[in-house]
Structures are given as C-alpha cells and as structure tokens.
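So Swiss-Prot says this about it:
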REGION    1-26  region 'Disordered'
REGION    5-196  region 'Large ATPase domain (RuvB-L)'
COMPBIAS  9-22  compositional bias 'Low complexity'
BINDING   35, 36, 77, 80, 81, 82, 143, 144, 145, 186, 196, 233  ATP binding site
BINDING   81  Mg(2+) binding site
REGION    197-267  region 'Small ATPAse domain (RuvB-S)'
REGION    270-355  region 'Head domain (RuvB-H)'
BINDING   325, 330  DNA binding site
C-alpha cells in the first residue's frame, strides 16, 4: 500500500520532496494563502525591499497615483506572490493575477488590461515566460497606458488604439536573466528577494503555528527553521508535518525533541538536506571520487533527469558550498565530505576548490 499526502502528488522523486520549493498541490496553495501576512507590518524578512516598498507605496497613495511597475526576482518560495498581494492591499486596490505561460495570445493580455480599474495591480508570475508577441503589446501598455489591437481579418483588418486606466504591473521571476532588456527597463522598482535567516524563519514558524493553533515553543520553532533551507514555503510545510507528528506521537505540542524526531522521520537532516541531496553528494564522492563529473553521469548514477538535478537539487547544495559547478564538471567540496563523515582526499584536495 502506498501513501500520498498533499505534498507528494507527483511521481518524480524530486517533485515529491518535502523540501521542494514548489507548491505541491491546490490544497497546499490554499493553506499558504491562509498563512500569508496581510500587510507590510506583518511581513517578516526582506528588510531592504520592505523599507523601499513602504516609501514608494506611501508616496503613490499620497499622490493618488498608480505605483511604478515592480519587478520581484529571486529563488522560488521566498514570497513574491505574497508580496504582490500585500502591495495591492497596502494600495487599497484590486489585484488581478495571471502567469506568463497562460498568456498565449495578445488578446489574452488585452482582455485583462481593458478590465483593470484605475490604479489596480496586475501580477504576472513567471513573467520571463511571456511569448514575444504578447510582450510586444505590453510595452505601450506599461509606458503610455495604451494598447493597439487588430479588428477583423484579412484585407479588412485594421488596428485600433485603446486607452487603459493607469495600473501597476508586478512581474515575478526566478530567472531575471531571461528577461529581455526592453521589458526589464520598463520596471521602475526592482527588488531582489534573498534567502531568509534562521531567526527570520523562526519568527515565521511561530506566527504560522499561532494561526494553525499549534502550541510551539521557541526551541521547537528554531529546529524547524534551521532545516527550512532559507525558504518560508518549506518552513510552513515542515511545520505542518511536524504538527501531524506531534498530534499522533506526542501531546500536540511542538518542542525541540518532537521537531527533531519528526524531521528525522522525514529524512530532513540538520542542514535541511533530504535523501535526494545526500544521494547526489554520495554519488559524486563515492562513485566519481569527488569529481569532476559531468551532469549526465550524475543523472545516470542517481536515476534522475539532468534538468531536475540542475534546476531543483543542485542550487541549494551550491549555494551552501557543498558542490561546485566547474567547466570540467561537478566537484564535491570539503564541506560535502565532512557532512557525509568521509575524509577528503589529500592528493586532489586542490581540486575541491577549483572554480
């Protein structure tokens, strides 16, 4: 018999990870919405971006103007969607939400733009995935609040100009480098979201535990925060799984001991690594002598797709200094050897830190 929770909906091992930064199901997305802060005062972390937005939003409200267009970029799970909702709420306007892949044709975007009210916010997630033809009609909308649309077909077709209400576009992306220069240049406010500190995540866990009515002491919240990989989405997911464990194996309260046992059951170690992380490091170290090793060889060794390794598993290991990408392939660092309890090689030690 197999068991699936709301967090384990896909057949791919990487997609089923409890430490995945992607929302796993509509049910999880609904829970995320319930846990979202409603205003900047409740928003934890991203101090620089929060301070800037407080000023820009306050100024726009005083002038009764639309806020400048906003680009939010950074790794997944850090709160770009949450921040877009907060911006709209702070401005006191409506929010219309869509995503780049959904806007397949110019008419799809035109239908949304023409229905926006004055100073409304349009949030486009994965904006780097807009098609070029859709992006083209977005330019005059952002600059002049106008769009040109074609009426009719064939020789009788003609272009008409439609005036739009002033609005704010919030674009979110995990890959800012994939944005075209003309699109990037049209954002007046650009904010990079960074990974959260353990202290910030502990505050988020404490707040979410309160909303979920789960008694959680400081040490228990801190234990969850330390294993959340700097990402609020993961912190809230781990909190819910630890809550389940506490209610079945304990008295319903979350302390450090209960959190540690629950996370050990989930195979999430003190560094926030799961089975897939350790599997990759073990393959590089034990099967390929620490590297360098090509991506395809690693993929074959652990039975995972190359794209999944590159986009889903590797980034956190690289960011934490356990793995390096070099022109010759992947190399395990000394930290990776220590984490697995293996002595680093002495003869090729210099390769561990090659760039």
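Every residue gets a Cβ built from N, Cα and C, even glycine.
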For ATP, with binders 35, 36, 77, 80, 81, 82, 143, 144, 145, 186, 196, 233, what's the maximum Cα separation in whole Å?
37
Counting by DSSP, what is the helix, strand and coil composition of the region 'Small ATPAse domain (RuvB-S)' (197-267)?
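Helix/strand/coil tally for the region 'Small ATPAse domain (RuvB-S)' (197-267): 51 helix, 2 strand, 18 coil.
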Given the binding-site residues 145, 196, and counting only Cβ atoms in the protein chains shown, which has the most within 10 Å of its Cβ?
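That would be 196, with the highest Cβ count within 10 Å.
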In three-state terms from DSSP, label residue 325 (DNA binding site) for me.
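Residue 325 (DNA binding site) sits in a strand per DSSP.
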For residue 81 (ATP binding site), which residues in the same chain are close in space, meaning a Cβ under 8 Å from its Cβ, but six or more apart along the sequence?
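When sequence neighbours closer than 6 are ignored, residue 81 (ATP binding site) has 97, 123, 125, 172 within Cβ distance under 8 Å.
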Under DSSP, is residue 196 (ATP binding site) helix, strand or coil?
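Residue 196 (ATP binding site) sits in coil per DSSP, no helix or strand.
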Summarise the model's confidence over the region 'Small ATPAse domain (RuvB-S)' (197-267) as a mean pLDDT value.
95
Using DSSP, tally how many residues of the region 'Head domain (RuvB-H)' (270-355) sit in helix, strand and coil.
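Final tally across the stretch: 46 helix, 9 strand, 31 coil.
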Would you mind sorting out which of 35, 77, 143, 145, 196 (the binding-site residues) have a C-alpha within 10 A of the one on residue 330 (DNA binding site)?
none
Looking at Cβ-Cβ distances, which residues of the chain lie under 8 angstroms from residue 77 (ATP binding site) while being 6 or more apart from it?
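In sequence order, 21, 22, 231, 232, 233, 234 meet the Cβ cut-off.
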By the DSSP assignment reduced to helix, strand and coil, which category contains residue 35 (ATP binding site)?
helix
I want to check the contact list for residue 325 (DNA binding site): same chain, sequence separation of six or more, C-beta distance under 8 angstroms. What comes out?
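Within the chain, residue 325 (DNA binding site) has Cβ neighbours under 8 Å at 314, 318.
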